[in-house]
Amino acid sequence: MGYAKSAMLIFLLALVIASCATAMDMSVVSSNDNHHVTAGPGRRQGIFDAEATLMFESWMVKHGKVYDSVAEKERRLTIFEDNLRFITNRNAENLSYRLGLNRFADLSLHEYGEICHGADPRPPRNHVFMTSSNRYKTSDGDVLPKSVDWRNEGAVTEVKDQGLCRSCWAFSTVGAVEGLNKIVTGELVTLSEQDLINCNKENNGCGGGKVETAYEFIMNNGGLGTDNDYPYKALNGVCEGRLKEDNKNVMIDGYENLPANDEAALMKAVAHQPVTAVVDSSSREFQLYESGVFDGTCGTNLNHGVVVVGYGTENGRDYWIVKNSRGDTWGEAGYMKMARNIANPRGLCGIAMRASYPLKNSFSTDKVSVA
């Protein structure tokens, strides 16, 4: 009888482990698979905690997470479980987008903002962003493409990762310059955010900055270095060696700001070139976004620089293609489809409030067909 009881206990334990392992495999969310966290009706708290712990261990391995102490790991697990419940509940609502356990799943919303929000919402000293150009103002005769994706035209470099440096202002500026340089010269060159972080002293490096000030620096200081000449360190550094004779710096002639709160003008601009935008990325949905057309909670407290590299429509929902700087494990391989043509003229997350674009070699709208 003792042997029979032991065998039965071992069998039951094996069933529990197999059940938890299956739940883990079907629940870990990534941008590279088709499995999602799903709501489990009637799930008991204890079972949820057991599954969440297994998922957390798997997630740590996937994202290379190591914590300094057992106490810190427990704290991160608690945050992870809370984010998991949030994801489970939101995904059960059958929205146009999905959330997932990305690299930020062990961060509270406040912590996420502390490391990710680097766009300075204050105007530059000369208030240049208060004036805008009518270059891309729409008119009755405009016929724009139904969809645009500058990635397909080879005008977008690979997704980059700003790391723990609050340098989104540099990444968004650089992305727009890279795109325009490809359109004008035919050559896609990966440019240097570190050049701006180290040398653009009007901005604050990893402490944040303004895209307008970054454009002005590129215009007035010999262009922008390449990533090969000035590789990214995710740290503030010393400005040196940026104007060596053998450096292949990329120049721009200037930049312009789009009319504020005008998604139609933004659409016309994006039909011609990638555009820098500053958005509010401070919602939990933005933090944990995985896929689909995002129309979730979003304010207009502008704090994060991105690049708008296209637009389109999916299942009747218009969207912007937004390139982020948080690596290719966030969102759709580093991109977000953000809802377009919403009722608010500021655009979702304020995307139409503060958008700008570089100019190069007298590039103008008549050089690109929009029909």
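Cβ from N, Cα, C; glycine included.
Annotation source Swiss-Prot lists active site at Cys168 (among others). According to its DSSP assignment, Cys168 (active site) is helical.
Look at His304 (active site): DSSP puts it in a strand. Swiss-Prot lists His304 (among others) with the feature active site, giving sequence analysis as the kind of evidence.
If you draw a 10 Å sphere around the CB of Asn324 (active site), it holds 29 other CB atoms from the protein chains shown. Marked as active site by Swiss-Prot: Asn324 (among others).
In the three-state DSSP assignment, the secondary structure recorded for Cys206 (disulfide bond) is helix. Sequence annotations record features per position, and here Swiss-Prot assigns disulfide bond to Cys165-Cys206 (among others) based on similarity to another entry.
Long-range Cβ contacts of Cys199 (disulfide bond) within its own chain (separation 6+, distance under 8 Å): Phe217, Asn221, Cys239, Arg242. Among the features that Swiss-Prot reports, disulfide bond is placed at Cys199-Cys239 (among others).
For Cys298 (disulfide bond), the same-chain residues that are 6 or more apart in sequence and have a Cβ closer than 8 Å to its Cβ are Val279, Asp280, Ser283, Glu285, Phe286, Leu348, Cys349, Gly350. Sequence annotations record features per position, and here Swiss-Prot assigns disulfide bond to Cys298-Cys349 (among others).
Look at Swiss-Prot and you will find Asn94 tagged as N-linked glycosylation site. Within 10 Å of the C-beta atom of Asn94 (N-linked glycosylation site) sit 6 other C-beta atoms, taking all shown protein chains into account. Following the DSSP three-state reduction, the secondary structure of Asn94 (N-linked glycosylation site) is coil.
The signal peptide annotation in Swiss-Prot covers 1-23.
In three-state terms derived from DSSP, Cys199 (disulfide bond) belongs to a helical segment. When the CA atoms are compared, the recorded positions lying within 10 A of Asn324 (active site) are His304, out of the candidates Asn94, Cys165, Cys206, His304. Cβ neighbour counts within 10 Å, taken over all protein chains shown, single out Cys349 as the most crowded of the recorded positions Cys165, Cys168, Cys349. In terms of Cα distance, the recorded positions that sit within 10 Å of Cys168 (active site) are Cys206, His304, chosen from Asn94, Cys206, His304. Ranking the recorded positions Cys165, Cys206, His304 by Cα distance from Asn94 (N-linked glycosylation site) puts His304 first.
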